[in-house]
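> Annotation comment: Swiss-Prot describes GLU47, LYS127, CYS172 as active site, evidence class a curator's inference. What Swiss-Prot lists as domain 'CN hydrolase' is 5-276.
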Amino acid sequence: MTRQMILAVGQQGPIARAETREQVVGRLLDMLTNAASRGVNFIVFPELALTTFFPRWHFTDEAELDSFYETEMPGPVVRPLFETAAELGIGFNLGYAELVVEGGVKRRFNTSILVDKSGKIVGKYRKIHLPGHKEYEAYRPFQHLEKRYFEPGDLGFPVYDVDAAKMGMFICNDRRWPETWRVMGLKGAEIICGGYNTPTHNPPVPQHDHLTSFHHLLSMQAGSYQNGAWSAAAGKVGMEEGCMLLGHSCIVAPTGEIVALTTTLEDEVITAAVDLDRCRELREHIFNFKAHRQPQHYGLIAEF
């Protein structure tokens, strides 16, 4: 007997710096409601889905920087998203900037959560592979200061039971690293999902700009195929505060085939019928980890 569900990606168009959280949550609610009307069981939203991508600026005012972070989840503004999800019986994945205070010290993470169909948070992930730089670089048309505004995640790559599926998360740059996928594949993840804010221009290597979409989809397709898992990636896309962000949010099958792909640079919901048992098909007959892996030869991967 197959285990079927409808999976969705809720791509966001650009978020202006002046746009309020209330406005952004309203847009997310529209997509959540749209997805539920189409029979969706779970929807994936982007990285840092509640604000503009603030690491493109160099802030010297700590209070201004802190305004982009969430100190509780859900807070009063975001709570309607959870309540509506529970009313509609639909789960979701949401990315946001997390600020916690431990021992009087502020800690900042690029975070993602899994919420089940009852509106309960059942999983959390903090971005591990932080791209960009730590200090201001004058030559750039925009900054990419994730290494300044976040510390690397400290939760590993957990896999959670979310309603009927085993799910894991990545955030943006994580999708480019095979270790991200393999750890969750070894843990039995059936759906690996996450969000991204990917500029189409990379100032250090502009000769790669024409490959931005290719590398994004290559990472998603290879990760899904080599680990026998469904995957879903939700982008924040379009011209956001002078920076063009990549579209092509997608859903990928365990075979590596793209089964749904966005076609716009604005808020858009795409869906796919997902048979979770197809993961077993790949893991038994092609990537059978127990039968074929030789981990005694892989030590170098964890040493450097």
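Please read every residue number as a count from 1 along the shown chain.
Using the three backbone atoms N, Cα and C, a Cβ is placed for every residue, glycine included.
Please situate the listed features within the shown structure.
Within 10 Å of the Cβ of GLU47 (active site) there are 28 other Cβ atoms, across all protein chains.
Listed in sequence order, GLU47, PHE109, ASN110, THR111, SER112, GLU146, PHE150, PRO152, GLY153, ILE171, CYS172, ASN173, ASP174 are the same-chain residues six or more apart from LYS127 (active site) with CB atoms under 8 A from its CB.
The secondary structure of CYS172 (active site), as reduced to three states from DSSP, is helical.
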> What is the Cβ neighbour count of CYS172 (active site) at a 10 Å cut-off, with all protein chains included?
27
